[in-house]
Amino acid sequence: MTFQAHVVTLYPEMFPGVLGHSLAGRALERGIWSLNTVQIRDFALDKHHSVDDTPAGGGAGMVMRADVLVAAIDHCPPDLPRILLSPRGRPFNQAHARSLASDRGVVLVCGRFEGVDERVLQARKLEEISIGDYILSGGETAALVLLDALVRLLPGVMGNQASGECESFENGLLEHPHYTRPPVFEGLEIPLVLTSGHHKAIADWRQEQAEMLTQKRRPDLYAIYNKNRRKT
């Protein structure tokens, strides 16, 4: 079954963008996933194709209109998860990516300007998702990030499934360091254990390195990992 990605945006020309290349691009060509963009301005109600208006109560910037944006959203299948990319949303993570990738598709709504009329979220039950604690010019870049995370999890996209299972976050830890030829580079050697041929020793080293990196760089993740490990 083809995974359906619907993107509601003012800039459909931004898609597929980088997703037209590499793993995601090949998967798109093979029909593993499909991409449909909906131009919000096509649903404007005036001759100027206006999609925004001044904020109620005053303030800076402009707000995307509920009537226009809802009409654009309603152009997408109603039975798919609907997501608004927003800096105030729930932080996006690998577990959320796996959950969304297991569905039949997703509708991504890309905000612009100062924000979106709150009634859009209420009327169409949009979930707000954030890709980080920073501000972007619009939701399109965030939508590309989210789609990249989803598409690579779809069956048949990654050539080596084990590769995906060993990546950062898949087991609650950051990924261990990687090495390849040459054996010595500018005086830096590949750790001897990796060339020993001792598979258990290699696995133990990688696990130890992953735990050390996570504890140092992401103590928040390490605390969760430790808590879950104690339960098992």
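Backbone N, Cα and C atoms are what each Cβ position is placed from, and that goes for glycine too.
In the three-state DSSP scheme, ILE131 (S-adenosyl-L-methionine binding site) is classed as coil. Under 8 Å, Cβ to Cβ, and six or more positions away along its own chain, ILE131 (S-adenosyl-L-methionine binding site) finds LEU85, PHE92, ALA142, VAL145, LEU146. Among the features that Swiss-Prot reports, S-adenosyl-L-methionine binding site is placed at GLY111, ILE131, GLY132, ASP133, TYR134, ILE135, LEU136.
Fewest Cβ neighbours within 10 Å among the binding-site residues GLY111, GLY132: that distinction goes to GLY132.
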